[in-house]
2 protein chains.
Amino acid sequence: MVNTEKFIESAIKEIRGKAEGKKVVMALSGGVDSSVCAELAKRAIGENLVSIYVDTGLMRKGETERIKSLFSDINLDVVDAGDEFIDALRGVSDPEVKRKIIGEKFIRIFEREAKKTGAAYLLQGTIYPDVIESEGGIKSHHNVGGLPYDIAFEGLIEPLIDLYKDEVRDVAGALELPLEIQHRMPFPGPGLAVRCVGEITEEKIEIVREANAIAEEELVEKFKPWQCLAAVIGLGTGVKGDVRLHGWIVSVRAVYSRDAMTADPVEVPWETLHRMATRITSEIPGVSRVVYDITPKPPATIEYE
Amino acid sequence: MVNTEKFIESAIKEIRGKAEGKKVVMALSGGVDSSVCAELAKRAIGENLVSIYVDTGLMRKGETERIKSLFSDINLDVVDAGDEFIDALRGVSDPEVKRKIIGEKFIRIFEREAKKTGAAYLLQGTIYPDVIESEGGIKSHHNVGGLPYDIAFEGLIEPLIDLYKDEVRDVAGALELPLEIQHRMPFPGPGLAVRCVGEITEEKIEIVREANAIAEEELVEKFKPWQCLAAVIGLGTGVKGDVRLHGWIVSVRAVYSRDAMTADPVEVPWETLHRMATRITSEIPGVSRVVYDITPKPPATIEYE
């Protein structure tokens, strides 16, 4: 591991040097990577940093409110684009196509907003594993930070490109970012879309949002997983009262990992699994079945799409 | 519980009385219900019993061979109908429609074969919970034994209609049927079809057949579940080597139950879960993810469709 203090010092210098006194824009997702970038840039260039947060409508429960309050001290532009995303995704079920649509939609919206700022540089929280996985063709466009650059900027600033995730967390600690951000689990760029297997509908997004909230409540504090999530993966039969019904199947996944390249399922105790199954099926209408993912990565990815 | 010896005596009397010296035909599935029926009828009417086993192509691994060898001492007509079923199911994904197609196809084939025997009566292994669930509209046609009767028979003989499953097993014990049959887990009439969520293809049937064999090897002897099974429930992303792929998700379900009306997931130890996940993803091509079902019944049914 690099020395965090030295890293911070040189990153600030790098950002200041590259920005050349011009405006810098970044996409803030609220994840630890983009948050660290924002804090470094705030220290490096102050008011010359403009952060754009695109609310894709695919965010977790309460996410947008949380981000507004956490980043109240920087130039933050919150864009409400939920309807645009849902419209663009209607009828699409291929995971790669979904990712591409979300990635492109995100870029267009970000570009539109970024132009208004007159920024010359784009700041990104790309980290080392993103580079590796992208080279290996393992994912096409996982991180919203991963913007392709037909966008007219003079240049790109990527201060975290040599770091692993746990190193980014150490830097977040040294920057004294709120604990909530330091320990925030990775959340994919396409958001809850990759947790709705197949076609995305408002109903599935709503189910998956509630299911993720329950899974996080039950698992995050107690087991401190690298990542935990819930996905809607299909329909199966159920029975409520005496009536047979066709209900959604929710899969819960919690993993330990060092760098997201490999991962192992958390051995959640049965008491917790039972309570989670009961909560998810009783609190969320339309869900009749809950399963727990027991696959390591590889061969399964951490996310479902 | 009824006294098993008395029950056997009166069931034999009932079958003999109703059959009136005429031929009786039955559908033998190899399950404990139809096996007990076959044994009772063999004792009651001997050669006047003809059993028909329809191989739907939706049977478990090795099932047909097992049944042939277990029932080598009765009049057994084995019908190879795999192609007919697969053809009839092509493109169908609605679970109720799938069940209906299988049920009707089964009836037509059974009717065709039964006619050749010249039997006057139909013998069925219907048990008490079948009646209850069928009245409640919970399942349309779970048991292949559940034949509707526009078929031209003089009458229906249902000797097990007042029994619960565990009582049937006691009777099987008293009849000295092989332990393999006494303790055989319930297997749905539509076979592996209800374990292939959505459209049925040869690929999915083959995957689910292998996955069920592995799940049974890992779980049956060690945990003695009421029922254990594996289902193909959808597609998710995986990664093998450095290549991202779209692979099948297999769900394993094992439950304890008294009568199939309610059921609780078996708390399988992690060591076994890990081994099962590894075996299923490495031994079956095309599978990249394994989940374990943690839902009781209700709200989830034991089977997936």
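Cβ atoms here come from the backbone N, Cα and C positions, even for glycine.
Features as listed in TrEMBL:
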type    : residues                                                      : note
BINDING : B:Ser29, B:Gly30, B:Gly31, B:Val32, B:Asp33, B:Ser34, B:Ser35 : ATP binding site
DOMAIN  : B:2-184                                                       : domain 'GMPS ATP-PPase'
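Projection of TrEMBL feature records onto the structure.
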residue : record           : Cβ contacts under 8 Å, 6 or more apart
B:Gly30 : ATP binding site : B:Tyr53, B:Glu63, B:Arg66, B:Ile67, B:Leu70, B:Phe71, B:Ile181, B:Arg184, B:Phe187
B:Gly31 : ATP binding site : B:Gly125, B:Arg184, B:Pro186, B:Phe187
B:Val32 : ATP binding site : B:Lys165, B:Val168, B:Arg169, B:Ala172, B:Leu177, B:Ile181, B:Gln182, B:Arg184, B:Pro186
B:Ser35 : ATP binding site : B:Leu28, B:Leu70, B:Phe71, B:Ala172, B:Leu177, B:Ile181, B:Arg184
CB-centroid shell, 8 A cutoff, ATP site B:Ser29, B:Gly30, B:Gly31, B:Val32, B:Asp33, B:Ser34, B:Ser35, site residues removed: B:Leu28, B:Val36, B:Cys37, B:Ala38, B:Gly125, B:Ile181, B:Arg184
Cβ atoms near B:Asp33 (ATP binding site) (within 10 Å, other residues, all chains): 24
For B:Ser34 (ATP binding site), the number of other Cβ atoms found within 10 Å of its own Cβ: 24
Other CB atoms, at most 10 A from the CB of B:Ser29 (ATP binding site): 26
Structural state of B:Ser34 (ATP binding site), classified by DSSP into three states: helix
